Amino acid sequence: MDSTVTNTPQTNSKLNVKRDPVKTVILASMMGTAIEFFDFYAYGTASAAYFPKIFFPQMTPLLATLLSLLTFGVAFVARPIGSFLFGHYGDRLGRKKTLVVSLLVMGVATVAIGFIPSYQVIGVWGALLLCLCRFVQGIGLGGEWSGAVLVATENAPANKRALYGAFPEVGAPIGFFLCNGLFFALERVLTPTQMMTFGWRIPFWASAVLVVIGLYVRRRLQETPLFKLAQERDNTAASPLREVFKSNWREILKGTFIMGATYALFFTLTTWSLSYATTALGFTSSEFLLLLMGAIVEFAALIMLTSVLADRVGRKKVLLTASVALVGYSLVFPYFLTGQHNLVGVLLFLGLGFLVMGTLYGPVGAVLPELFPTRVRYSGAGITYNLAAVVGAAVAPTVTTWLIANYGLHSAGYYMLVLSVLAVISWLLTKETKDVDYTK
């Protein structure tokens, strides 16, 4: 049941609005990002393991892999466009409406991918349709994360914003676990030929069920108390995009580099590593997916633990420390991935990588929104998050593959190293956000 409140979570201002129960807020914010990452991982896994042979069979194996991973990056190019679009309406009309529409756009594009014919049926049109669906999917993704974290943090007590902001973040490992679990099960019961023919399509079709559930939950949400407060104060921006780039461009720039390194790490640990493990290290796809699923449990636990820590000691201490750790990890992780079927090395690669990843990813659900005032928060957080996706993830798997092919395995971490150094510099230039007045 909805409960009427007279105080916002972080101010004494009186409001005659209904606020959703905590469980509803958690479910709505977590569910959306779980669906988002389920869809995204489905594509990431398919682009690494299946698409090179399905959509680019006329190419050499290396070129097919590079082109397949580039289609993965198409959505990242579209994501800033989605953040412009949904950010504008999210700051003008409210968080709830835009969250529903963004999920619907993302869901339709994802299901459509499962129906695209292979190269053997329609030639290069298959790859072109793949890119089109990825672009539309990216538009929807551009409005998803920022809306979810605002629903969570704008309903949170001031001393628990990082904890509440972590619930959308936990949706990432949940979606990853569900998607990879489904791929793992399919690869155990279907033959390789069946997986190439139709098995890879099943996760994309299955996402329709999750989208319907997510839409049902989100349609039941109330608008956030802090956005209602902004409306009562007549404090909504007439042109959020113009205002955020004029007044908050420094925050966008710093936030992009802070989050960009996190993105590079994540897609190195997931999309690139799956491709490399199955082509160079002697692992089967199902073997490596099982290892990834185990590491994801560690990832989820660290998201929650480090978010609680960030509420106690501050965001900057936690994330600056993790960014420095990422510099070191970028230099050493290639040396874990040597030899054939090197289980110990892969476990070190995944275990240490997700240790850093969970520490970086948890508190950022509070940090990026805290950089911006309420009137442009949806736009600012969304643009920053999605520009970081372009910088850190759009080309990370492709660049890493190219570096190894041309300079050897030791060069695999160079791209991530550059981004992690930029993240450290950005944190040194950023003030602590834990005690900002989130109602302004």
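Including glycine, each Cβ sits where the backbone N, Cα and C put it.
Keep in mind that this is a model prediction, so the values were computed, not measured.
Annotated transmembrane segment per TrEMBL: 24-43 (among others), in sequence order. Residues 2, 72, 75, 99, 103, 106-107, 110, 113, 134, 137, 141, 144-145, 147-149, 151-152, 155, 164, 167-176, 178-180, 183, 203-204, 207, 210-211, 213-214, 217-218, 220-221, 270 of the same chain sit 6 or more residues outside the transmembrane segment (24-43) yet have a Cβ under 8 Å from a Cβ within it.
Here TrEMBL flags 25-434 as domain 'Major facilitator superfamily (MFS) profile'.
Here TrEMBL flags 63-86 (among others) as transmembrane segment. For the transmembrane segment (63-86), same-chain residues at least 6 beyond its ends with a Cβ under 8 Å from one of its own Cβ atoms are 40, 43-44, 47-48, 51-53, 55-57, 98, 101-102, 127, 130-131, 134-143, 146-147, 241, 271-272, 275, 279, 378-379, 382-383, 385-387, 389-390, 393-395, 397-398, 401-402.
Outside the transmembrane segment (98-116) by six or more residues, the chain places 28, 32, 35-36, 39, 42-43, 82, 86, 89-90, 126, 129-130, 133-134, 136-137, 139-144, 147-148, 151, 201-205, 207-208, 210-211, 214-215, 218-219, 221, 378 with a CB less than 8 A from a CB of the stretch. Marked as transmembrane segment by TrEMBL: 98-116 (among others).
Taken from TrEMBL, the feature transmembrane segment covers 122-141 (among others).
If you look up TrEMBL, you'll see 162-186 (among others) marked as transmembrane segment.
Long-range neighbours of the transmembrane segment (198-217) within the same chain, counting only residues 6 or more positions beyond its ends whose Cβ lies under 8 Å from a Cβ of the stretch, are 24, 27-28, 31-32, 34-35, 38-39, 42, 45-46, 49-50, 54, 100, 103-104, 106-107, 110-111, 113-115, 179, 182-183, 186-187, 190. Here TrEMBL flags 198-217 (among others) as transmembrane segment.
Within its own chain, the transmembrane segment (256-276) has Cβ neighbours under 8 Å at 41, 44-45, 47-49, 65, 69, 72, 176, 285, 288-289, 292, 295, 319, 323, 326, 329, 333, 337, 349-350, 353-354, 356-357, 360-361, 364, 367-368, 384-385, 387-389, 391-393, 396-397, 400-401, 404, 412, 415-416, 419-420, 422-423, 425-427, 430, counting only residues six or more beyond its boundaries. Per TrEMBL, the feature transmembrane segment maps to 256-276 (among others).
Outside the transmembrane segment (288-306), and at least 6 residues removed from its termini, the chain residues within Cβ reach (under 8 Å) are 45, 163, 166, 169-170, 172-174, 176-177, 180-181, 183-184, 187, 269-270, 273-274, 277-278, 318, 322, 346-347, 350-351, 353-355, 357-359, 361-363. For 288-306 (among others), the entry in TrEMBL reads transmembrane segment.
What TrEMBL records for 318-337 (among others) is transmembrane segment.
Tertiary neighbourhood of the transmembrane segment (343-362): same-chain residues 162, 166, 169, 172, 261-262, 265-266, 268-269, 273, 277, 281, 283, 288, 291-292, 294-296, 298-307, 310, 318-319, 321-323, 325-326, 329, 333, 335-337, selected by CB-CB distance under 8 Å and a gap of 6+ residues from either end. As annotated by TrEMBL, transmembrane segment applies to 343-362 (among others).
The transmembrane segment annotation in TrEMBL covers 383-405 (among others).
The list of residues near the transmembrane segment (411-430) in space but at least 6 beyond its ends in sequence, with Cβ under 8 angstroms from a Cβ of it, reads 253-255, 257-258, 260-262, 264-265, 268, 316, 319-320, 323-324, 326-327, 329-334, 337, 391-392, 396, 399-400, 403-404. Summarising the annotation, TrEMBL assigns transmembrane segment to 411-430 (among others).
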Report summary line: Whole-number mean pLDDT, the domain 'Major facilitator superfamily (MFS) profile' (25-434), equals 90
Query raised in the report: Where else in the chain does the transmembrane segment (318-337) make close Cβ contacts, counting only residues six or more beyond its ends and a cut-off under 8 Å?
Result: 258, 261, 265, 268, 276-277, 280-281, 306, 309-310, 345-346, 348-349, 352-353, 356, 359-360, 363-364, 367, 409-414, 416-417, 420-421, 423-424, 427-428
Query raised in the report: Taking a Cβ cut-off under 8 Å, which residues six or more beyond the ends of the transmembrane segment (383-405) line up next to it in the same chain?
Result: 48, 62, 65-66, 69-70, 72-73, 76-77, 79-80, 82-84, 87, 141-142, 145-146, 244, 251-252, 255-264, 266-268, 271-272, 275-276, 368, 371, 411-412, 414-416, 419
